[in-house]
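Participant: Got a structure here, written out as structure tokens. Questions coming.
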Amino acid sequence: MDLTVEPDLNSLITSSTHRWIFVGGKGGVGKTTSSCSIAIQMALAQPEKQYLLISTDPAHNLSDAFGEKFGKDARKVTGMNNLSCMEIDPSAALKDMNDMAVANNATGSGEFSDLLQGGALSELTGSIPGIDEALSFMEVMKHIKNQEQGEGDRYDTVIFDTAPTGHTLRFLQLPSTLSKLLEKFGEITARLGPMLNSLAGANNVDLVGKMSELKSNVEKIKEQFTNPDMTTFVCVCISEFLSLYETERLVQELISYDMDVNSIIVNQLLFAEYDEGDSCKRCQSRWKMQKKYLDQIDELYEDFHIVKMPLCAGEIRGLNNLKKFSQFLRKPYDPVADSKVIYELEQQD
């Protein structure tokens, strides 16, 4: 029996069970291009399904990649009926939270009401470390709740264009961290529930009930994130020492979280030995270095899908260019037969 792992993402792209796909790695290795490519190929392969691509990176690039503006509300990609994009904006989300708090306390008086009216809540929460990851996590919870209750837009799969590795690991730790915190909170509320509810204010907010509901939602997410049929992580790297080192750290962390990870996209490969005519010495030298680390990647991750993507002559921006580039996620790039594609990318204004 042939146990060779295919050097493509066909099994993921045609998957009928995955609900959450995370795409991440070191900064500057092509995470956004890779996440856009995966989302496009999934949408093309299964036109009857709806897909949502979310950027959780504070330095949003989805709008730049597609050449059209996306915001905090999901919007269809022009030219694709089953792919939507959104960029989670922490500052806008915090403003919404502050406005909601002001509205709920509009009849209140005193220092707390004045604090809210002054926007101090958003200023305070905006400075909390990890707030970007927490807001992204809230977005995940919102989608799970909407799908269970049949509210809002329904998406079969959500693809995350994540922040660089450190932010992403904090995001993925949130289910376990929140679960532990809420367990402790549960112990406290068992004794002090009525008192806590009375402290929630005159608006009759059932604080204990809200926390209990939050705990239930967090447990559902934790369960789904550790189910390999529902969630997977695609690592993105380039063939250099620092990127390889960070990829290995990321893989080990994901394994410790019981998350499925079995795919690596290696971007910006030169394939210089296949260049027509005399290739420049710098390209040949760099390709020699890339091959050295490619060999290490193949050896380290022999049971992974290793997808080797070429360095293109132009920018991979706009839907048409992304479609051309993303085809190599399904059909491995052939440096001889496919070399002209990397020179055919359309110029974007």
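Glycine is treated like the rest: Cβ placed from N, Cα and C.
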Participant: Looking at Swiss-Prot, Lys26, Gly27, Gly28, Val29, Gly30, Lys31, Thr32, Thr33, Glu240 are annotated for ATP. Which of Asn81, Asn217, Asn267 sits in that same site?
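Facilitator: The candidate from Asn81, Asn217, Asn267 that Swiss-Prot ties to ATP along with Lys26, Gly27, Gly28, Val29, Gly30, Lys31, Thr32, Thr33, Glu240 is Asn267.
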Participant: Taking Cα atoms as reference points, rank the recorded positions Asp57, Cys280, Cys283 by distance from Glu240 (ATP binding site) and give the first.
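Facilitator: Nearest listed residue in space: Cys283.
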Participant: Give the number of CB atoms, excluding that of Cys283 (Zn(2+) binding site) itself, located within 10 Å of its CB.
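Facilitator: There are 15 such Cβ atoms around Cys283 (Zn(2+) binding site).
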